Amino acid sequence: MSPLIIRGVRPYGEGDPVDVLVRDGVIAAIGEVAEEGEEVDGAGAVLLPGFVDLHTHLREPGREDTETIASGSAAAALGGYTAVFAMANTNPVADNAVVVEHVARRGREVGLVDVHPVGAVTVGLAGEKLAELGTMAKAGVRVFSDDGHCVHDPLLMRRALEYSKALDVVVAQHAEEPRLTVGAQAHEGEQASRLGLQGWPAAAEEAIVARDCLLAKQVGARLHVCHVSTSGTADVLAWAKARGTEVSAEVTPHHLLLTDERLATYDPVNKVNPPLRTAADTEALRRALADGVIDCVATDHAPHAVQDKDCEWSAARPGMLGLQTALSIVVETMVNTGLLDWRGVARVMSERPAAIAGLPDQGRPIEVGEPANLTLVDPGARWVVRGAEFAGVAANTPFEGMELPARVVATVLRGRVTASSGRIPA
Ligand SMILES: NC(=O)N[C@@H](CC(=O)O)C(=O)O
Ligand SMILES: [Zn+2]
Ligand SMILES: [Zn+2]
């Protein structure tokens with residue numbers, strides 16, 4: 001592999017532009033580089049460690065009509081990601097070594113982003129019997145989740161945490177007490193009442209997060225909370241962390257920006273689980289992310305077919321695209337509001353998620369000798385979201401038509417350019 005020279009970038013948005021020399025996938029020099037090789041024109045871009053998404057739905061196997069590992073990997077690279085965790089709610093479910101090994105192999109073949117399969121906690125995501133966590137862990141699985149469903153049986157959750165501790169992996173919980181969300185269609189509050197939509201109460205999330213924090217503390221295991229959506233959950237997390245619970249949490253870009261005010265049009269593009277909440281919640285989530293109560297941003301990228309979104313509200317599937325808009329939404333809600341600087345963006349988009357999943361070669365400092373997993377961001381760019389222009393078949397972005405700040409100009413995976421100027425290099 002010939003060396004790669006990234007010209008004129010500002011690591012973490014600090015100082016004067018420098019060149020970065022990458023040799024054999026590793027950062028070999030930072031400063032003025034005379035060497036020749038493949039060149040990337042940084043044009044003063046902010047240089048960050050490659051983003052890591054702990055929560056992506058790639059839909060393969062089973063729903064390749066909505067996303068494949070190839071199309072999802074392209075979306076990830078274009079969004080600045082160098083590693084993604086592919087959720088287990090595929091068909092067949094990733095609840096055994098055969099399926100997780102298939103997902104990992106396809107990810108390697110595509111080669112645009114490190115695809116880490118998430119293993120299911122329970123067989124078939126049915127919440128009745130633990131899946132073979134040990135065999136999947138041996139196959140390389142580091143994160144287990146029944147995402148889409150909550151592991152609601154407290155005894156089963158306790159057992160999963162006990163196994164995860166022994167295996168040194170992490171359980172990621174979709175926190176939703178199912179008895180409280182039967183038939184739920186929208187955040188339980190004024191807006192849902194006005195629109196005649198059945199409510200999804202904040203307590204259905206908060207009760208499970210509180211319970212799981214208690215269980216994790218008791219067992220001495222690590223717990224990760226998926227897509228935190230309420231201010232009450234942030235309070236529970238702050239309390240649990242203060243008493244020494246090993247709990248981490250993620251928030252999605254859409255829960256940082258959007259509220260249930262958007263539901264007035266009944267457009268199912270705004271339907272997601274957990275539901276869009278109130279402005280007070282988005283405010284609290286932003287503050288919790290800035291303070292480290294919420295550790296990181298995860299997209300919950302959830303592609304859906306047109307027929308599953310272009311229908312009446314109650315029949316539509318929940319979920320939104322996220323990979324190609326995440327950075328811009330984080331800049332809009334966290335950087336442009338003064339809540340995070342670029343070091344903070346590196347922390348919530350790369351360093352913390354890599355640490356939570358235990359990835360040794362991602363989320364690393366931009367220093368000589370470190371793996372060249374990098375993202376270049378143009379902080380001054382503005383662009384208009386067009387779902388039809390995204391990689392992949394699905395176009396269910398709630399940000400359609402919005403003008404957003406900042407753009408990923410290039411992504412580098414172990415010294416190889418995986419995205420450049422909005423394109424996947426041939
Ligand atoms: N977030 C969603 O609304 N949907 C996800 C499942 C999930 O993350 O719970 C999906 O798989 O479509
Ligand atoms: Zn979920
Ligand atoms: Zn999800």
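Using N, Cα and C of the backbone, Cβ positions are placed for all residues, glycine too.
Curation does not apply to TrEMBL; its annotations are automatic.
Counting only same-chain residues six or more apart in sequence, the Cβ atoms lying under 8 angstroms from the Cβ of Asp300 (active site) belong to His55, Thr56, His57, Cys226, His227, Thr252, His254, Val272, Gly319, Met320, Gly322. Following the DSSP three-state reduction, the secondary structure of Asp300 (active site) is coil. Among the features that TrEMBL reports, active site is placed at Asp300.
For His57 (Zn(2+) 1 binding site), the number of other Cβ atoms no farther than 10 Å from its own Cβ, over all displayed protein chains, is 27. Positions annotated as Zn(2+) 1 binding site by TrEMBL: His55, His57, Asp147, Asp300.
Annotation source TrEMBL lists substrate binding site at His57, Leu58, Arg59, Asn89, Asn273, His304, Pro318, Gly319. When other Cβ atoms within 10 Å of the Cβ of Asn273 (substrate binding site) are tallied across all protein chains shown, the result is 18.
Annotation source TrEMBL lists Zn(2+) 2 binding site at Asp147, His174, His227. Asp147 (Zn(2+) 1 binding site) counts 26 other C-beta atoms within 10 Å of its own C-beta, drawing on all protein chains shown.
Among the features that TrEMBL reports, domain 'Dihydroorotase catalytic' is placed at 44-230.
Of the binding-site residues Pro318, Gly319, Gly319 has the largest number of other Cβ atoms within 10 Å of its own Cβ. Each of the binding-site residues His55, His227 was scored by the other Cβ atoms within 10 Å of its Cβ; the lowest score goes to His227. With a cut-off of under 6 Å between the Cβ and any atom of ligand 1, the binding-site residues His55, His57, Leu58 reduce to His57.
Taking Cβ-Cβ distances under 8 Å and a sequence separation of 6 or more, the neighbours of His174 (Zn(2+) 2 binding site) in its chain are Ser145, Asp146, Asp147, Gly148, His149, Cys150, Cys226, His227.
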